[in-house]
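Straight from TrEMBL, the features:
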| type | residues | note |
| --- | --- | --- |
| DOMAIN | 26-175 | domain 'Casparian strip membrane protein' |
| TRANSMEM | 33-51 | transmembrane segment |
| TRANSMEM | 71-97 | transmembrane segment |
| TRANSMEM | 109-133 | transmembrane segment |
| TRANSMEM | 166-188 | transmembrane segment |
């Protein structure tokens, strides 16, 4: 089969075997947009809850203020979720534009870039949640062996609000894991055995 005119070697035309496959494709795109929107929303909520979390307590006429910058794990959580929210918003715009155009051409380089970025953001958010969860455990229960006292009994509001942010961040990371699985499918199906038979690009 002759190569298609105007199609770069890295671009793969996707052929549909009927209306059912096209319907499945549309559902996958809609699901991807929904998951990215949720990831963006959860990331924003987590960043706002943790980033704005402060509490002032008075001990023997001395005021002590707890804020998220006191714990590096919470700073990491805010930054990671801010990045994830911005990236998810950007990808939502790209996905919506792609759906509106109804494009059926998939570029391998672009697919690899999206897959790689999704993987990085997913691992970044999971790492941030894990680090924050470890710090939260120490704040809640302390560590007597290392003489680390628990502080959540002193700063209830601070810990509760940070806990809500961590739950939101965890949900956002789950959405990113699901999205990265979808992008992996979208990438590796370009290398399916039938592509070489149907396209002159291979």
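These residue numbers are counts, starting from 1, taken along the chain as shown.
The backbone N, Cα and C atoms fix where each Cβ goes, and this holds for glycine too.
The stretch in closest packing with the transmembrane segment (33-51), judged by the count of Cβ pairs under 8 Å and taken from 71-97, 109-133, 166-188, is 71-97.
Taking Cβ pairs closer than 8 Å, the transmembrane segment (166-188) reaches residues 28, 31-32, 35-36, 38-39, 41-43, 45-46, 49-50, 77, 80-81, 84-85, 88, 106, 108, 111-112, 114-115, 118-119, 121-122, 125-126, 128-129, 132-133, 136 in its own chain, all 6 or more past its ends. Residue counts for the domain 'Casparian strip membrane protein' (26-175) under DSSP, helix first, then strand, then coil, are 116 helix, 17 strand, 17 coil.
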